[in-house]
């Protein structure tokens, strides 16, 4: 072995020569020039604590060992700047019209269920004997369970435990079944339980629909899509109030009108779940 410094020449005894570099070294690469039995090692700088090896044509190996630790390199801030989308890429993304229709249908379903109980309130007071406070219990149970269940459905979707399509089908199908059950049950306790379950199932619709819009729509078009979905929700409330209020206190084929209204809304929910299964 031979001890060498910058620009020095050293004779190789055997196959390997070790070069120790001074502490002032920060960064380096070793260059080896060989003549018959002498290897000239030029080591301007070497990376700290790392070994740089160079092999000559005859198979002799020269190893340079750096004794100083190189200072940490400061990353270039420009390298971490986000790449902006081009205008063409940003403006071209939006769900298909079929997907938009399905999302608007689920929103209209939620709006219809929201307006169903207030529209049939007077009929429930007369036929079932519910009080205003009882109706408040029904609405409160649904609202509380909706707020509790919404994050749960979002976690299932974000972690991939259930597909978004599956969650929407579960929500609409379950809501339809519960609404049909409410048409035949007139005892307050079971009604409160079913309305709470109904709220938990309805919570699966809006968060998942909003997530689909956010993922599939360009930023410049999200407002338009969210506006359509919200308009569909209000449209569902409007149609339900327009239809249920006049028939709630009447009899249709010998059946109380409010019961018919509950079954109709439940049937619409089942149809929406079938459309989601077949078309989404």
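In case you wondered, yes, glycine gets a Cβ from its N, Cα and C as well.
TrEMBL lists transmembrane segment at one of the ranges 90-115, 168-193, namely 168-193. In TrEMBL, the annotation transmembrane segment applies to 136-156, one of the ranges 136-156, 199-219. Range 260-279 is the one annotated as transmembrane segment, of 60-79, 260-279 (source: TrEMBL).
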